[in-house]
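Quick look at what TrEMBL lists:
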COMPBIAS  1-10  compositional bias 'Polar residues'
REGION    1-28  region 'Disordered'
DOMAIN    14-208  domain 'Poly(A) polymerase nucleotidyltransferase'
BINDING   93, 94, 95, 102, 107, 108, 109, 161, 222, 231, 240, 241  ATP binding site
BINDING   107, 109  Mg(2+) 1 binding site
BINDING   107, 109, 161  Mg(2+) 2 binding site
DOMAIN    213-357  domain 'Poly(A) polymerase central'
TRANSMEM  229-248  transmembrane segment
DOMAIN    360-420  domain 'Poly(A) polymerase RNA-binding'
DOMAIN    426-498  domain 'Poly(A) polymerase RNA-binding'
REGION    501-544  region 'Disordered'
COMPBIAS  505-527  compositional bias 'Polar residues'
């Protein structure tokens, strides 16, 4: 039993019988209560008043949908006998349906299920117009061309993401069970995708042995994942459903364990998991519908998934398609840290608050790329950053394929631009990527060309924006390479607090470090602590000290070159200063913007600790020499 617990489960695709059936001890109950107390300050538990309000809103929305479907049946001249019984129903899925909704998090994922006479076009036209005329509905917007088409709105203060599916049935009864595979018959792929969220959520709840233990453990794991910066499906980490499936698998392996034990076993199992062996909650099943399912034995493309976590409802799919080698490596490292911390906690050497200490991302790496997206107006900025954010994982993939890069770690949290950036470019959002470079074998200065990876990423974003007809004048992407000590030009001092110089108790007193509330506009973030080592009290004025050289050129091939001596070489501190290249990428050929100057621009800035301009701009790949030297800065 002990040896089995030290290794990942064996068997068909990782499926096996429970590892432990031992009942919980008094010590387990005490640790679980302490875990609950440690989570309370973070607002992970919903109060009854909020729960009642959401339930009321969903009831109103369900009646609203039934009324619309009945009116639509009349407008299409269906017989009165059918019109009176067409029905329609709202189903919930995601965190709300799983029972792990958090306090203050008001969004609900919902599914509108309609009978056969309702078309998708009706949902995005007549239903959309009906919503528009309701006083309780605010911030209404439709995203019809999304992978899963959705209408987003606020209903009486509750944010709703509503997707649509019509069934091949004349009526939709109140007792409809979407878990039955027959409800997928004769549906188009968009309806199947819409139904998948609800079907997967219900199947997860059915497959866990103890709902109370599952929910408490999932709350703890989701809080940990958000605090450690590994909760983001769009950025290549894991989303809510993936974390839920991992926790559900641990609950299956330890069906009698309480949450404190399950959290520890979660880190034990997945820190040692033999990726890319998939995680499944049940065996893959075939169906008479013959829909495409995840199966590397049949689909060659499925063999390239690096961290597959397979949904339990038919048609089974990989929920972690976006995960890359770098993001998996970051998560595995966090699993290992989680195991070390929870082992200490269960031995009485630490408390649960240590598990939820935030990752100090801005002290973790020596090298960073600052990705900046800007637009002239707030409306254009919202559309622009949504697209850029959805493609950042493409940049991560491009960077990690560079032979000199071992890790490209993106921080999911976006940050707003400061006053200087606002004056220069309008509305600005920034993302930060930490880089780990391979150590060179020789002491010769190493040149790393990131041009192709970054240019490929920006081209992808501009082409997508052009195809979606959202590309406007003033929309820009900029990529800046900086070293750790130069981050204070872009971020508030508190965000860069060097927590490694603080005791754990100090960190806990500072509200466990960085607590940022993210919005589509990237609201400002701050730390409860002060930066003792910051060279400047405000990065707004400091940014003015960065010298910039603007060059216009019709050429698109330019070097984004990083040079630094090998760590083994004997060089002075001034010679170790970084050469920083800032690239402003315009749209590629074929992407037109009204009033936009199609000449690409390259801006380079050389930032050194003394803020003095130095260095050489390389504009031709043939002129790049590994022996090129840069002028050292002087005090």
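Backbone N, Cα and C define each Cβ position, glycine as well.
TrEMBL annotations: computationally assigned, not manually curated.
Keep in mind that what you see is a predicted model, and the values were worked out from it rather than measured.
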Other CB atoms within 10 A, centred on residue 161 (Mg(2+) 2 binding site): 18
Pairwise Cα distance for residue 109 (ATP binding site)/residue 161 (Mg(2+) 2 binding site) [Å, integer]: 5
Local confidence of the domain 'Poly(A) polymerase central' (213-357) - pLDDT mean: 95
Entry from the binding-site residues list 93, 222, 240 having the most other CB atoms no farther than 10 A: 93
Among 107, 109, the most crowded of the binding-site residues [Cβ within 10 Å]: 109
Residues close to Mg(2+) 2 site centre defined by 107, 109, 161, Cβ within 8 Å: 94, 96, 108, 110, 152, 159, 160, 162
Diameter of the ATP binding set by C-alpha atoms, the set being 93, 94, 95, 102, 107, 108, 109, 161, 222, 231, 240, 241, in angstrom: 20
Neighbouring C-beta atoms (10 Å sphere around the C-beta of residue 95 (ATP binding site)): 22
Cα distance (Å, whole number) from residue 107 (ATP binding site) to residue 161 (Mg(2+) 2 binding site): 7
